[in-house]
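Just lifted these from TrEMBL, have a look:
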type: ACT_SITE; residues: Ser162; note: active site
type: ACT_SITE; residues: Asp318; note: active site
type: ACT_SITE; residues: His348; note: active site
type: DOMAIN; residues: 83-241; note: domain 'Alpha/beta hydrolase fold-3'
type: DOMAIN; residues: 284-351; note: domain 'Alpha/beta hydrolase fold-3'
Amino acid sequence: DIADRKKLIFFEFLLRLFNEYLADFFESFLGAVARNNVLRIVTAVVYSIPTGTPDFLTIKWTKFDDIPIRVYQPKAPKSNAGLIFFHGGGWSTMKAAYYDTVLIPLVKKIGCHVFSVDYRLAPEFPFPVPADDCLRATKALLKDRAKEYGVDPEKIILIGDSAGGNLAAVTTYRLLKEGVEPKIKAQVLIYPVIHMFGFKSPSFTGYYTQYNGTSLLNPPTMARWDLFYLGEDGSRDKVRVLLDNGHIDEKLTSHPEFSKWFPNWRAEKNEENLVRKQPDERLATLFREKATNPEICPIFAENLADFPPTMVQTAGYDILRDEGIQFANRLKEEKVKVNWKNYPTGYHGVFNMPASQLRREMGTDIAEFLSEFL
């Protein structure tokens, strides 16, 4: 029942051919970074096909505080709000220029300026560089750049997909932590990355039982990107540690937020969750110290009560589904206004699928959610 089945069969085969088989070959000889570079090259070729710019807007490049920004500027704006978009790609692939087919329809629906941040990528630039780039760009728009475009700095909305959804939530958290004014008006998180401890969750294990072997976002790829973002090399051995939950030790399970949001990690249930009897000490220490930082994994924040109204979109065929739901529940618990929409036939990346009926539905839902903030 997966959405866009006929198109997905074609595109997924090409992705598997290049992003899995060819990338596996290069990784065998040159390592995980070479694998990621193959993925970047293939992606660049796919998105090099010109799509054209419709008459109702202009697209141009500028910089906010030295961060490259792709600006989508409607010629007849319907609103003086501004959207800041953070692209996905596991913090390690994709570029702002690849999202024209995503953002042009969104601009048409909501009629306001969109500023897409071309942040620097891991593994060359691991955390905190991508998060810092997004924060600096957002601050620049809030401070003075909004006026150049006739945008009201009181009506800035953050939106992102996948790792970009993570960066949107993290940017909101950091702005609130620093007391930056004006505050973000709303945020939209499209199948976001929320934490790095879900490798035995139902949505991750569902990959192996429902669509194993496909080139849709899979657990090894997500583990590799997690490692890159934390400054690790992403080798196969380290990926395997994460897939086996070898990055989780007893010290981590005693963390108050961890025990709250991962209750099945109580000692008596460890066997059920297939915890390694001997975690990898170095990686467990790394993830305990870094991945519980809310500026990397926002679910570990002590307080999210001041978050703006938030839309969270999740997909049925997506390993990140469960953590998106967790974050929506966390925000609801803290009395934040939340609009959670799950698309049972959706898959990770559907928001980038050309001519997808489900993508149109998701875009319509976003426009309806944002209508009161525009």
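Residue positions begin at 1 at the first shown residue.
Glycine is treated like the rest: Cβ placed from N, Cα and C.
TrEMBL: automatically predicted annotations, no manual curation.
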At a 10 Å cut-off from the C-beta of Asp318 (active site), count the other C-beta atoms across all protein chains.
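Neighbour count, Cβ to Cβ under the 10 Å cut-off: 25.
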Could you tally the C-beta atoms, other than its own, that fall within 10 angstroms of the C-beta of His348 (active site)?
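Counting Cβ neighbours of His348 (active site) within 10 Å gives 24.
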Where His348 (active site) and Asp318 (active site) are concerned, what is their Cα separation in Å, rounded?
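For His348 (active site) versus Asp318 (active site), the Cα atoms are 5 Å apart.
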In Å, rounded, how far does the Cα of Ser162 (active site) sit from the Cα of Asp318 (active site)?
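Cα-Cα, rounded: 10 Å.
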Please report the number of other Cβ atoms within 10 Å of the Cβ of Ser162 (active site).
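Counting Cβ neighbours of Ser162 (active site) within 10 Å gives 28.
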